[in-house]
Amino acid sequence: MEVQLGLGRVYPRPPSKTYRGAFQNLFQSVREAIQNPGPRHPEAANIAPPGACLQQRQETSPRRRRRQQHTEDGSPQAHIRGPTGYLALEEEQQPSQQQAASEGHPESSCLPEPGAATAPGKGLPQQPPAPPDQDDSAAPSTLSLLGPTFPGLSSCSADIKDILNEAGTMQLLQQQQQQQQHQQQHQQHQQQQEVISEGSSARAREATGAPSSSKDSYLGGNSTISDSAKELCKAVSVSMGLGVEALEHLSPGEQLRGDCMYASLLGGPPAVRPTPCAPLPECKGLPLDEGPGKSTEETAEYSSFKGGYAKGLEGESLGCSGSSEAGSSGTLEIPSSLSLYKSGALDEAAAYQNRDYYNFPLALSGPPHPPPPTHPHARIKLENPLDYGSAWAAAAAQCRYGDLGSLHGGSVAGPSTGSPPATTSSSWHTLFTAEEGQLYGPGGGGGSSSPSDAGPVAPYGYTRPPQGLTSQESDYSASEVWYPGGVVNRVPYPSPNCVKSEMGPWMENYSGPYGDMRLDSTRDHVLPIDYYFPPQKTCLICGDEASGCHYGALTCGSCKVFFKRAAEGKQKYLCASRNDCTIDKFRRKNCPSCRLRKCYEAGMTLGARKLKKLGNLKLQEEGENSNAGSPTEDPSQKMTVSHIEGYECQPIFLNVLEAIEPGVVCAGHDNNQPDSFAALLSSLNELGERQLVHVVKWAKALPGFRNLHVDDQMAVIQYSWMGLMVFAMGWRSFTNVNSRMLYFAPDLVFNEYRMHKSRMYSQCVRMRHLSQEFGWLQITPQEFLCMKALLLFSIIPVDGLKNQKFFDELRMNYIKELDRIIACKRKNPTSCSRRFYQLTKLLDSVQPIARELHQFTFDLLIKSHMVSVDFPEMMAEIISVQVPKILSGKVKPIYFHTQ
């Protein structure tokens, strides 16, 4: 069964009838307006081929005779209506009528044209139904579908039908266009600038030199049909999805790649058929709702694009039905550099890129070619409306999140060198140029072939290439969990994306205890450490700014005066609450009882001021004796020295320890952000880095420490830094928050919630217990300072240091200083021994806590790339190099008591 292309659908057609839809009723107003079309235009008759069989008199027209016969029979509309409700039009020429017309008018008989179908046994041409392999140009036009019931065209319906719908006419036009093709090549430079406003048929007539005839001439002349009727006809045709420019098709020779089957609408880039330069009869028909006639919705949105087709570099002007109406205002001029339309040998890559997979659902064969090479530095596609055309408009609602690269030719491409070409299937759109910064760092510039320019490295082993996020499998290999059991070597810690680079070589350029030490020699913008950690001294009682050391503690002036009056007075204070009132800068006067208790807990005593004065007096006397050099001594001086020795509980050693004690260090934690494991642990690591710098300065300022070998100095600090920080944190927690929380820093205090959130609750509980020991044992600040110095010399390698003998002597001197401080306030030897036992037992309890924290930090460093915890460079180096030695037993602490 033959299939005829209809309006918006495909339906079977009987051999002698064709159907039209209900749109015919919309032309009623046009029929009433068009009554006297007038004589045929002379140019229309001139261009009509002999095969059209035009009649000179209306009375002898076959259509006129059929109309009269149907009128005599009665109502012709009643019996020609099809089963589906469509109106059926009889064939224009039955075999008998064709023979009668041939006999009655022998001068009008003609030979069949090559493209026309011939009736069996007859030599007359017959208009066959459009086969599936014929182009849409041979389909019935809008006016030919009106049929014999069009009253306004009753006098010239046969002529119009023959002109608009006879295949011989199209064949003659094709022959004339092929004969004049060489003239078009000479006018190539003129055709690239002019705009075709009358459609493809008008361009063909201009090329052949024939006088131009508009559609108005075919519709009945220039005076009988009003302009409003013509505009109404056009509007109704467009609203029904019809193309009124049926004559504006090109010949098969000219329809190379932009024919009506594959051409896009509204001046867009033509969609290319799979086989280049295929002849026109091979073009399969499409339903009108999927073919070029589907242009009603795009016309309203892209009216600015509607205009004459641009001409390519080869001078061929390609067009299709429904796309040739244009005015001078809607013209788009395309420069010759934009080769959107090509004739002859078009690039297959560009052909596949311009193919519209949504508007033309055909089985297009052939794999897609890679995108055409672009500029080496091109990272952004310069969007041109002509690059999208109707393909973009038609597929905008279908592929909103789809592959946009296939619609506009895959123009989003990365650099031609330095990175792999982008595939058209990727929907990533690069919006960063080579000069702009990206989310993960500067983008690799186009044309660079270095591996570093392939893409910026993002966190956790991913890199961002120009077209998206791909896995970086070769740049990172996760470190396996390794617990040393034999020979300890350097442990490879994670890649630099988890370690901040702030420290260079280990304290190589340290110029002294108070010198200008930089964090990293490679960073010129780093200021001295004192700039980052200014000495912040706060009152240990209320937290206000401290004015100095008063009565043995660092306090402000207000707490100094309060303690003097409260300690010397005989008034006893009672707390109205539970002896746990908050004492700060604003509430320090609310409860004198809790404030005085806190003063005693901080180590304030009335005798500390007198002892300090006596110590200064001893220094003055020793200086005078050394300067005098007299062998004889004054008895009064002997009495003074002996009196000072009796009160010598504040030795010079303690003065040095108080002077070199580090100040308060902040962690830089943002307490406004919600607590998380990564944020808390990263802040602890940052605090450890800052405190480690102060530990180095403090250790090098200790008496006798610089006499050690340089390697021994570094080893002692790297082995004991964890115990020193834990011990100092316990003291801060005791003095500031009464051991209820862990006071790591003023901006980083761990309560119960943060202890659980940090996943180190057991370690935090042990550190809080250590802080409580300071209160239970009533540790004084002097004892704390001496114990902290002794803790530095409490862990050494099993094989010993390079100068082990001097280390043992230095450690013994610090033990004697601790015993002297204990004996200073106690006259009973038994009490001194008990106190010494308590303090040394407290020192031994620090080592297990430090070892447990060593294990935790080492495991955290191995998994830092998975848990997003940052480790400063110096911390990562110590943990990866020195901590495994402690965990493996190569380095062991020195205990006072048997464990």
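Glycine is treated like the rest: Cβ placed from N, Cα and C.
Record note: of SER450, SER630, Swiss-Prot gives the feature phosphoserine to SER630, with no matching annotation on the rest.
17beta-hydroxy-5alpha-androstan-3-one is bound by ARG732, THR857 in Swiss-Prot, and the record lists one more residue there from ASN672, ASN685, ASN803, ASN813, which is ASN685. Here the Cα atom of ARG732 (17beta-hydroxy-5alpha-androstan-3-one binding site) is found 24 Å from that of TYR895 (phosphotyrosine). Per-residue confidence over the zinc finger (539-559) averages out at a pLDDT of 88. Counting only same-chain residues six or more apart in sequence, the Cβ atoms lying under 8 angstroms from the Cβ of TYR895 (phosphotyrosine) belong to ASP844, GLN847.
For THR857 (17beta-hydroxy-5alpha-androstan-3-one binding site), the same-chain residues 6+ apart in sequence whose C-beta sits under 8 angstroms from its C-beta are MET722, ILE879, VAL883. For the zinc finger (575-599), the DSSP-based tally of helix, strand and coil residues reads 8 helix, 0 strand, 17 coil.
Using a 10 Å Cβ-Cβ cutoff, ASN685 (17beta-hydroxy-5alpha-androstan-3-one binding site) registers 24 neighbours.
For the recorded site, TYR895 (phosphotyrosine), the DSSP three-state label reads coil. The number of other CB atoms found within 10 A of the CB of ARG732 (17beta-hydroxy-5alpha-androstan-3-one binding site), across every protein chain shown, is 19.
Mapped onto DSSP classes, the zinc finger (539-559) shows 3 helix, 7 strand, 11 coil.
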